[in-house]
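Read the structure below first, then the notes.
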Amino acid sequence: MSSRVLCFVFLLLCIFPAIAFALHLPLTLTHFDANDPSRDPYQILSYLASSSLARAHHLKNPQITATATSDATTTTPLFSHSYGGYSISLSFGTPPQILPFVMDTGSDFVWFPCTHRYVCKNCSFSPSSDQNVTIPSFIPKLSSSSRLVGCRNPKCSWVHHTNKTQCDECRNSLTPQNCTQACPPYFLLYGSGTTAGVALSETLNLGDRTVSNFLVGCSIFSSRQPAGIAGFGRGLPSLPTQLKLHKFSYCLISRRFDDSPSSSTLILDSTSDLDRKTNGLIYTPFIKNPIVRGKDAFQVYYYVGLRKITVGGRRVKVPHKFLSPGKNGNGGTIVDSGSAFTSMAREIFEPLAVEFVKQVKNYSRARDVEVLTGLRPCFDVKDMGKPVELPELRLHFKGGAEIALPLENYFAVIGEGMACLTVVTDGGVGGGKAVVGHSGPAIVLGSFQMQNYYVEYDLRNQRLGLKPQLCI
């Protein structure tokens, strides 16, 4: 990789301010232990609520500036982390270099921290870690298969989500067909984080298989990114698309195992048995993605048809227009492994929260905890002498599929007995000022709500499969 390209990337990045959110403390359990003096459970939940809202805002208002076939099934361990995400390890290069990646179904680009010069701002996710934490990086010069992607390479347009040529420097050349200009640097936003770098063609190693000419980003600079990101969305540069997967599936281990060696499994499936349903799964079809000018990212998301929400058996009154994506891209429900807590448009969240408050008679409201965490409603459930009982939250999908979430998937118990609903809404946490003019998906189903669920993305048959399952 030429030093001129690296210098250009650094010069480009200087004009973009890093997002200055301050990370606080990591999440340890669904029950947050207030007895650990190094961790403030209220700050933990406040961070997860804020980051989920920032993520939801990005998904609703995306900004992007910027091959091999196998008949095998590959499995890889999936780990949960206190920063709110789940990670896998992938191997790139010749010889292989193994790196961690955040699994993200809400984006479609795969990138890793790259070169010895990699810089990551505000990337310490532990109160005991130094702010200049060392993050494993891919070193292109140590790989014989590493190549810069040229501006005339069709995959360059995948990076920048455009059909236009990226060869600006070659337009005035006497021999444009011999242009050697590299694909321009990319700059990507992820809600509360950013990354920027250059596109590489590299070898991906999956067990005994090798996938050559895999498009991957070599990021030189990031902010608030704990690792690289493996985009599992619908776009051309995503990992499932480049691997020509028929389906992929995962089981999300409980958040009580955050930052531990315990893991569950991600399955990458390219088998020929295309139409077979997996035993025990209930299915709901993917909904057609809205095509909106200037919102190409909407075509990357996995939309599902959420028909209704019930709390304690009572239907939450949700305006119909929020349940299906309109021609303008507003409304509908997406599944996003990159979000921690589920986010809802205020018009959905408010009646949901009101219904919980109406039905909860045995516990008093903990408004001081709501202020500290940014979550609501919260209840004081301590010293009752019996198990916590709160109304059931059930999601009803198109096609008859429905799931009754386990209590630990939608309420977090903090300290000595404060329980908060782990759903957030736009306009700020804790009842902030409403956002005028809702845009984008109305509901983003986060990973916290999918703990101990087996989730299958059947890409061939365009359906999502679900079943409760102990993931460890």
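Each residue, glycine too, has its Cβ placed from N, Cα and C.
Taken straight from TrEMBL:
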ACT_SITE  D104  active site
ACT_SITE  D336  active site
DOMAIN    86-467  domain 'Peptidase A1'
SIGNAL    1-22  signal peptide
**Study point:** CB contacts for D104 (active site) [other CB atoms within 10 A, all chains]
**Key:** 24
Check your understanding: Taking the Cβ of D336 (active site) as the centre, how many other Cβ atoms fall within a 10 Å radius?
Key -> 26
Exercise for review: For the domain 'Peptidase A1' (86-467), provide the mean pLDDT of the predicted model.
Suggested key: 89
Exercise for review: Would you kindly give the Cα-Cα distance separating D336 (active site) and D104 (active site), rounded to the nearest Å?
Suggested key: 7
